[in-house]
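Asks: Take this structure first; my questions come after.
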Amino acid sequence: MSHLPILPILLPLFAGALLLMLPSLERVKRSISVISTIALVPLALLLMQQAGDGQLRVYALGSWQPPFGIILLLDRLAALMLLATSVLASCAVLYAVRGDDRVGMRFHALFQFQLLGINGAFLTGDLFNLFVFFEILLIASYALLMHGNGAQRVRAGMHYVILNLAGSALFLIAVGTLYGITGTLNMVDMARQVAAADPSQAPVLAAAGLVLLLVFGLKAALLPLYFWLPRAYAAASSPVAALFAIMTKVGIYSILRVYSLIFGPEAGELANLAQPWIWPLALVTVILGALGALAATSLQGLLAYLVVVSAGTLLAAIALGTPEAQGAALFYLLHSTWVAGALFLLADLVARQRGDKAGLLVQGPALQNPHVLGAAFFYGAIAVAGLPPLSGFFAKLMLLQAAPPGAGALPLWSVLLIGGFIALVALSRAGSTLFWRTGHQALGSAELDGGRLFATLLLLSGSLLLVVFGQPLLDYAQATAAQLNDLNLYRGILGETGA
Amino acid sequence: MEALFAITLGLLTASGTYLLLRGRTFAVVLGLTLLSYAVNLFLFAMGRLAGEAAVLGRDVQYADPVPQALVLTAIVIGFAMTAFVVVLALRGVSELGSDHVDGRREEDSAP
């Protein structure tokens, strides 16, 4: 048994623990944190290459075999999500070491624990462990959100924490109910049990499945549950907000995993349980997110609403349910995670040169480096709004093409195009206010930090890389979607071990 | 036994939800605590109160160990989370000067 699949969990765990114990030598701490985070990128690429052969790799912890033991499950989807996380986190931590880690305590340790939770959530094949990793990433995110103090953060954080605690309680209720009926926590085994369940138990299973959707919808910022997000993201410090760009994707990943595997097309009476709910809610999420972006009063708030828009787009594509749509959605997921993260970093660079106006969309002092920042903002805005020639355009085009003609295509086309247009209007308004409607004097105190700019541009270039390496990545994404729909492959992991 | 257990769970959940919807952080923390008690008891119940254990099949001499493991984990996590939210509430009081969950001042919030 190769030990590679557990490394993305162990590496941040040990790095985080080491960072907690070390005396406060800033330089040492920063190096450990940066090295440990960047090491995740080659690791994710290696795992992606391993998963690329289409086989599932099961890592049985303590050699306790499924379905009773806890397993890690490495498939194409998990490897892809690990890549998205590691690239985003590397740039965020490079940005943070230029000074943002200094405003509060234990930034790097918390950052590593957050990565531990995120990576674990992507790798686990066990529903209860999904809960445990969710809690790890959440408690790290609570502390990171508060990093650097400020009344605004406490106010936004209070709602975030309480909502997520209530969400955790619901998660446990759903997991408990599913366990009580199926007698297993292994997701693959549970899928088998749900498909074979007695019709009299179907309503209870359906209720548990929908409670689970509520929980994941809360993380993924689905319509009635996204109101916590804009305030929390806008209040967080910028490397943290950038890292949070992956947090909604954890919810989306869980929805994709659970509703393609456990309540997927082969679940008998409960087949495609969540799709009728996700589809309309996701479409309305896109529209309301775009309107929110239009109404936002600060650049950070605008970007937070764009995260909502991208979550809605992704969920709409997932609800279409076809492999083509899911493949396009995965490509869009990579794009939107990186671009949103980069824009949060860029927003901080801009805000730093505007003195007390910071990210507010009002007339402020002239920027010291309007050309560099303006070009980067223009590029990022094009990418996030989905205009050619950047990755957002191709991802959206594929999504539109993947919609089956007829009833599905009409709402998706109109919502995505109108949503994209409103986002574009909001971004141009913000851009012209920030870069053109300025005073003549620049603040003397603000300097453009080379390290920060480098981290931001590095993450922004992800959008370009997605175009240049578009075909192999798209092939990978399509193969991932095909693998997700091949349930016999997943059931095979139980057969092999004689369970 | 089942009826008593169900009523207990229902009462705990209802009280927890009611408190969760209050405006003051202290009530909200209490509500979260009650809710987590309800969840823990519920997890126990999912290992069957009487009769067959969910995982071990027909052997009634054993209690199902998995829900106990789950509850243990859930208790640890719930405890940590409650501690965090209490500290956060205290921070909120000192930074915002109010224990309202929206961070409103005394005079804005209707009793």
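We number each residue from 1, going along the chain as drawn.
Positions of Cβ are set from backbone N, Cα and C atoms, glycine also.
Checked TrEMBL, it gives:
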- A:6-25: transmembrane segment (TRANSMEM)
- A:32-48: transmembrane segment (TRANSMEM)
- A:68-95: transmembrane segment (TRANSMEM)
- A:107-124: transmembrane segment (TRANSMEM)
- A:125-403: domain 'NADH:quinone oxidoreductase/Mrp antiporter transmembrane' (DOMAIN)
- A:160-182: transmembrane segment (TRANSMEM)
- A:202-228: transmembrane segment (TRANSMEM)
- A:240-262: transmembrane segment (TRANSMEM)
- A:277-295: transmembrane segment (TRANSMEM)
- A:302-323: transmembrane segment (TRANSMEM)
- A:329-351: transmembrane segment (TRANSMEM)
- A:372-390: transmembrane segment (TRANSMEM)
- A:410-432: transmembrane segment (TRANSMEM)
Asks: Is it true that the transmembrane segment (A:410-432) and the transmembrane segment (A:277-295) have 3 or more Cβ pairs under 8 Å, skipping pairs fewer than 6 apart in sequence?
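Replies: By the criterion, they touch.
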Asks: Cβ under 8 Å, sequence separation of at least 6 from the ends of the transmembrane segment (A:6-25): give me the contacting residues as numbers and ranges.
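Replies: Here the qualifying positions are 32-33, 36-37, 39-40, 43-44, 47, 59, 61, 72, 82, 86, 106, 108-113, 115-116, 119-120, 123.
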Asks: Are the transmembrane segment (A:329-351) and the transmembrane segment (A:160-182) close, by which I mean at least 3 Cβ pairs under 8 Å that are 6+ residues apart in sequence?
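Replies: Not in contact, no.
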Asks: Can you name the far-off residues of the same chain, 6+ from the ends of the transmembrane segment (A:240-262), with a Cβ under 8 Å from a Cβ of it?
Replies: 77, 81, 84-85, 88-89, 91-92, 95, 111, 114, 118, 121-122, 127, 130, 134, 137, 141, 144-145, 147, 178, 187-188, 190-191, 194, 209, 212-213, 216-222, 229, 232-234, 272-275, 278, 300, 303-304, 307, 310-311, 314-315, 318, 326, 333, 336-338, 340-342, 344-345, 459, 484-485, 487, 490
Asks: Given a Cβ distance threshold of under 8 angstroms, which distant residues of the chain, six or more beyond its ends, lie next to the transmembrane segment (A:202-228)?
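Replies: Answer is 134, 156, 159-160, 163-164, 167-168, 170-171, 173-175, 177-178, 181-182, 194, 247-252, 254-255, 258-259, 262-263, 268-270, 273-274, 277-278, 281-282, 284-285, 288-289, 307-308, 311-312, 315.
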Asks: What residues in the same chain, six or more past the boundaries of the transmembrane segment (A:68-95), come closer than 8 Å to it by Cβ-Cβ distance?
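Replies: Result: 5-6, 8-9, 33-34, 37-38, 40-41, 43-45, 47-48, 50-52, 54, 56-62, 108, 111, 115, 118-119, 122-126, 129, 186-188, 238-240, 242-243, 245-246, 249, 253, 256-257, 330, 333-334, 337-338, 341-342, 345, 348, 451-452, 454-456, 458-459, 462, 476-477, 479-480, 483-484, 493, 499.
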